[in-house]
Amino acid sequence: MAASCVLLHTGQKMPLIGLGTWKSEPGQVKAAVKYALSVGYRHIDCAAIYGNEPEIGEALKEDVGPGKAVPREELFVTSKLWNTKHHPEDVEPALQKTLADLQLEYLDLYLMHWPYAFERGDNPFPKNADGTICYDSTHYKETWKALEALVAKGLVRALGLSNFNSRQIDDILSVASVRPAVLQVECHPYLAQNELIAHCQARGLAVTAYSPLGSSDRAWRDPDEPVLLEEPVVLALAEKYGGSPAQILLRWQVQRKVICIPKSITPSRILQNIKVFDFTFSPEEMKQLNALNKNWRHIVPMLTVDGKRVPRDAGHPLYPFNDPY
């Protein structure tokens, strides 16, 4: 069952539901990927920083390619360039490492994971003596030019951005000869991202939602905060359509043409998450879900400084979340 797709400006078809692999432990992610492929997933979302690309690569090697269960051209694989690899000289080696780990000859989509650069080197989170991050002055426009060279070499089919705001997207568009095809950001009914999605769609970028279920497993969640999966309107729609609350949240996104990459290592949930194409919400039901928006951003990298939790990068000039969207 091929999940419905979004057509990218590159002509590629990107499946609306993919398997997310952030926080999937090595030791579990290989089986999750193999199971997902077996039930019809054709989109896997990866990143170098997740630390599990070698294991995902084992699954891809076993199940993808000539004479195997899934032809390579039917699979859409995304990965992401980490912050320590923004210097133009580091971009291709970083991609080559990801390709070697994933045991692939090319990526369908390569994203710049964050707009700002960390100090070059092999420590993914280089720190100053006071515990703050060591940044590098490389601007994302320089990094973008190096990414474009990967497309010219046939190593990457499309480029995109992650955690960029509207101004930064336009900044990239002003210098790009290879235009970004996708923006990946946190998005769920509590953070509907309506303005940012409209901004992207007007400029030919598709949007991928990470943490589409609201990331209630995050360590820093306030115990008094409402839980998206337990919202009365979500539960009522789940009952009406005979689905799970997660399916309701995913259906809301795909009906807005927003790609989702729910993470799971549980076979029953992996299967459930892709079964969102056999029912449709009425405009009124979409409105009820839209009304949950609180502009609540859950995924903000934090640091503990002097015993207090503070946003890690909020003082950086390229920090994306100080703008309205």
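Cβ atoms here come from the backbone N, Cα and C positions, even for glycine.
Values in this document were obtained by computation on a predicted structure and should not be read as measured data.
Taken verbatim from Swiss-Prot:
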ACT_SITE  Tyr50  active site, proton donor
BINDING   11-22, Asp45, 162-163, Ser211, Leu213, 215-216, 263-266, Arg269, 272-273  NADP(+) binding site
MOD_RES   Ala2  N-acetylalanine
MOD_RES   Ser4  phosphoserine
MOD_RES   Ser38  phosphoserine
MOD_RES   Lys127  N6-succinyllysine
MOD_RES   Lys127  N6-acetyllysine
MOD_RES   Lys145  N6-succinyllysine
MOD_RES   Ser211  phosphoserine
SITE      Lys80  site 'Lowers pKa of active site Tyr'
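Features per Swiss-Prot, on structure.
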residue	record	CB count, 10 Å
Gly11	NADP(+) binding site	9
Pro15	NADP(+) binding site	24
Leu19	NADP(+) binding site	27
Ser38	phosphoserine	14
Asp45	NADP(+) binding site	26
Lys80	site 'Lowers pKa of active site Tyr'	27
Lys145	N6-succinyllysine	14
Ser211	phosphoserine	25
Leu213	NADP(+) binding site	24
Ser264	NADP(+) binding site	20
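Cβ neighbours within 10 Å of Gln272 (NADP(+) binding site), excluding its own Cβ and spanning all shown chains: 18. Across the structure, Ser264 (NADP(+) binding site) and Lys145 (N6-succinyllysine) are spaced 34 Å apart at their Cα atoms. When the Cα atoms are compared, Asp45 (NADP(+) binding site) and Lys127 (N6-succinyllysine) turn out to be 28 Å apart. In this view, the residue listed as 'active site, proton donor' is surrounded by 20 other Cβ atoms within 10 Å of its Cβ, with every protein chain counted. The number of other Cβ atoms within 10 Å of the Cβ belonging to Lys127 (N6-succinyllysine), over all protein chains shown, comes to 13.
Recorded residues the residue listed as 'active site, proton donor' and Lys127 (N6-succinyllysine) have their alpha carbons 19 Å apart, per Cα-Cα distance. You'll find the Cα of Lys145 (N6-succinyllysine) roughly 29 Å from the Cα of Leu19 (NADP(+) binding site). In this structure, Leu19 (NADP(+) binding site) is part of a beta strand by DSSP. The local packing around Ser4 (phosphoserine), expressed as other Cβ atoms within 10 Å of its Cβ over all shown chains, amounts to 13.
Separation of the C-alpha atoms of Leu213 (NADP(+) binding site) and Ser4 (phosphoserine): 19 Å, rounded to the nearest whole number. Checking Cα-Cα distances from Pro15 (NADP(+) binding site) against the recorded positions (Ser4, Ser38, Lys80, Lys127, Ser211) with a 10 Å cut-off leaves Ser4, in sequence order. Following the DSSP three-state reduction, the secondary structure of Lys80 (site 'Lowers pKa of active site Tyr') is strand.
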